[in-house]
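Read through the structure below, which is laid out as structure tokens, and then see the notes.
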Amino acid sequence: MGVLLQFLLTTVFVALVFSQNDLQEEFPPGWTEKCIGCMCEASSGCNQTLECMEQNEVKYCGVFLLSDVYWQDAGTPVLQGDDPNRIGAFERCVRDPYCAARAVNQYIQRYAKDCNKDRVLSCDDYVRLHYFGEANCERPISSLPYYRVFRNCISS
């Protein structure tokens, strides 16, 4: 599947996530469908068949490569009819692109801050927040392949 098609599919499912009633009505400045779509592209190429992977004893899963801690910080969203306390709820959510996008959306809404210290909340802050987490989002990112893919996507 081509990158453009993956991006368009991502945009469609993100639009559905943004329209769900269980999310906040207002979004932080710069938090757009394109922003979350490019985060997906940078994280995994929006590859929905990607298996979970471990790095430094942390498991990352789904199109956004989310960890269990990230999912918990996002409020433990689950698939309809699931229970966040059921074994496997994390994996079921983050492997589903809609639920995973909802987790990212809730995480960004909860922790939105000026990570790049330019005094403006923007998508650049959110991509740093997503990659490094709330406590470390001020770290340098420009040399990372993840950020280069993100910048190419966001500028196209």
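Cβ coordinates are placed from backbone N, Cα and C, and glycine is handled just like the others.
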TODO: Using the record from TrEMBL, pick out the residue from CYS35, CYS38, CYS46 that is joined to CYS40 by a disulfide.
DONE: CYS46
- [ ] From the candidates CYS115, CYS123, CYS137, select the one that TrEMBL records as forming a disulfide bond with CYS35.
- [x] CYS123
Task: Rounded inter-Cα distance in Å - CYS46 (disulfide bond), CYS52 (disulfide bond) - done: 14
Open item on the list: Give me the CA-CA distance between CYS52 (disulfide bond) and CYS93 (disulfide bond), in Å, as a whole number.
Closed with: 12
Task: Site of maximum Cβ density within 10 Å, from disulfide-bonded residues CYS35, CYS40, CYS52, CYS99, CYS123 - done: CYS40
Open item on the list: Please identify, among the disulfide-bonded residues CYS40, CYS93, CYS99, CYS123, the one with the smallest Cα-Cα distance to CYS61 (disulfide bond).
Closed with: CYS93
TODO: Pop the Cα-Cα gap between CYS99 (disulfide bond) and CYS35 (disulfide bond) into the table, whole Å please.
DONE: 17
Open item on the list: Can you give me the same-chain residues 6 or more apart in sequence from CYS93 (disulfide bond) with a CB-CB distance under 8 Å?
Closed with: TRP71, PRO77, VAL78, LEU79, ASP82, CYS99, ALA100, ALA103
